[in-house]
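Written below as structure tokens is the structure these notes are about.
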Amino acid sequence: MSPAASRDDDDHDSMTTTEGRQPVTAHTPATRVLVLNSGSSSVKYQLLEMRDSSRLAAGLVERIGEETSRLVHTPLAEGLGGKRERTGRIADHAAALEAVAEELARDGLGIDSPDLAAIGHRVVHGGLKFSEPTVVDDAVLKEIERLVPVAPLHNPANLTGIRTARQLRPDLPQVAVFDTAFHTTMPEHAARYAIDTATADAHRIRRYGFHGTSHAYVSRKTAELLGKDPSEVNVIVLHLGNGASASAVEGGRCVDTSMGLTPLEGLVMGTRSGDIDPAVTFHLKRVAGMSVDEIDELLNKKSGLVGLCGDNDMREIRRRVDEGDERAALAFDIYIHRLKKYIGAYTAVLGRVDAVVFTAGVGENAAPVREAAVAGLESLGLAVDAERNTVRSDEPRIISPESAGTVVAVVPTDEELEIARQTFALVGEDRTIDA
Ligand SMILES: Nc1ncnc2c1ncn2[C@@H]1O[C@H](COP(=O)(O)OP(=O)(O)O)[C@@H](O)[C@H]1O
Ligand SMILES: CC(=O)OP(=O)(O)O
Ligand SMILES: [Mg+2]
């Protein structure tokens, strides 16, 4: 493929053609990308103009399948109105996407627009096959489907997103950007479990890692914040959202991450247990009489913070801690204890750490989590400055004191922008429309 000749300039009317193709009449490059991030019960979306990476619209559909579904749509292009909200049951992901398509159309940004170059999809599990963004065809769909058992909360929603988008725009490339892709650089000694090799290989049991688009974006942004090239810095990224994971990034390459075969391993999460003794599952089956499906549901949906204290939203947990609620305080302490263990472990894995970085909903917003996670880690060169830590901003920022040996920072993630860039890099140059 030839490089996109005019991706970053404003020259709409240039006669750029890909080598070997007959020039058509004056044509305009299609330069917009719609990104869909379909979660188990939500869809986040953004429409981006790739000439300047600006956002034209963004939104969220949450509580899909419940009576209290909500769609919040925010037009961001100049001249459009303010935020709009719809409430009431949205039955499934297909209905959610149709509602999103309607909202975009109301702003004159419809999915039928010839300006759209592609639709980019976050796909959580890509297994061993996908280490790069991939244009979806039937074979790719089949492989994503095959991986449903190892991403049961995520891949089915991702599939519905792709299938619905395909029906809405069968002519457009649908691009899958995989959460697992960034972690494919993990060395075997980090990726393999210490179980019988033949069994592991027969069933492709290994550590894949997730949230890779976020870990890649945030580690690169951190290098920028430090004024260095990614190849020069070692970073521990703590992606703390509803799902949460840590990664050790050495010179721009992931060398270890806390999630494994599935997004259940590692840190304590909103509803997931993270690390436990695997024998807990045998015990639950043999002694507590639970079925495998019940255990799966327990560990994925009824554990973590919600299992410990009944709440999975860190805002609510902090409010309860401040009121002296002991269950919430213990849940918070367990969450922090696990986080600290991973900071220590990845310090050992990397040898030299230039920055420890917090990102995603909890990491970007919860100052008490950041403060507690590095408290007592002065021997590792880690500290936060109380004042810097409480500054609220959407910008990447350093929160460690000037004197600290290692930088502690907050770097907001932008999975949608990263997915849009990767999508456009793959297909943008080929999408032109007749003027
Ligand atoms: N101001 C805040 N203080 C503490 N936690 C917050 C705040 N805002 C959001 N969060 C946390 O962020 C979580 C969502 O993070 P996000 O990265 O959006 O998750 P996901 O993408 O997995 O849905 C919420 O569940 C909540 O716990
Ligand atoms: C992989 C994963 O856990 O994703 P999320 O945080 O969106 O649930
Ligand atoms: Mg997320």
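Just so you know, glycine gets a Cβ as well, placed from its N, Cα and C.
What TrEMBL says about this one:
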- ASP179: active site, proton donor/acceptor (ACT_SITE)
- ASN37, GLU415: Mg(2+) binding site (BINDING)
- LYS44, HIS239, LEU240, GLY241, ASN242, GLY243, ASP313, MET314, ARG315, GLY361, VAL362, GLY363, GLU364, ASN365: ATP binding site (BINDING)
- ARG122: substrate binding site (BINDING)
- 1-30: region 'Disordered' (REGION)
- HIS211: site 'Transition state stabilizer' (SITE)
- ARG272: site 'Transition state stabilizer' (SITE)
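It is ASP313, among the recorded positions ASP179, ASP313, GLU364, GLU415, whose Cβ has the fewest other Cβ atoms within 10 Å in the structure shown. Proximity of the binding-site residues (LYS44, ASP313, VAL362, GLU364) to ligand 1: a Cβ under 6 Å from the molecule is found for ASP313, VAL362. The 6 Å Cβ screen around ligand 2 retains ASN242 from the binding-site residues ASN37, LEU240, ASN242, ASP313, GLU364, ordered by sequence position.
Taking each of the binding-site residues ASN37, ASN242 in turn and counting other Cβ atoms within 10 Å of its Cβ gives the largest count for ASN37. Fewest Cβ neighbours within 10 Å among the binding-site residues LEU240, VAL362: that distinction goes to VAL362. If you take the C-beta of ARG272 (site 'Transition state stabilizer') and look for same-chain residues 6 or more apart in sequence within under 8 angstroms, you find GLY243, PRO263, LEU264, LEU299, ASN300, LYS301, SER303, GLY304.
Here GLU364 (ATP binding site) is positioned 15 angstrom away from HIS211 (site 'Transition state stabilizer'), judged by their C-alpha atoms.
Cβ neighbours of ARG122 (substrate binding site) (same chain, under 8 Å, six or more residues apart in sequence): VAL35, LEU36, ASN37, SER38, ASN158, VAL177, ASP179, THR213, GLU415, ILE419.
Around LYS44 (ATP binding site), the C-beta neighbours below 8 angstroms that are at least 6 residues distant in the chain are LEU36, ASN37, ALA58, GLY59, LEU60, GLU416. Between the listed recorded positions, namely HIS211, ARG315, the fewest other CB atoms within 10 angstroms of a CB are found at ARG315.
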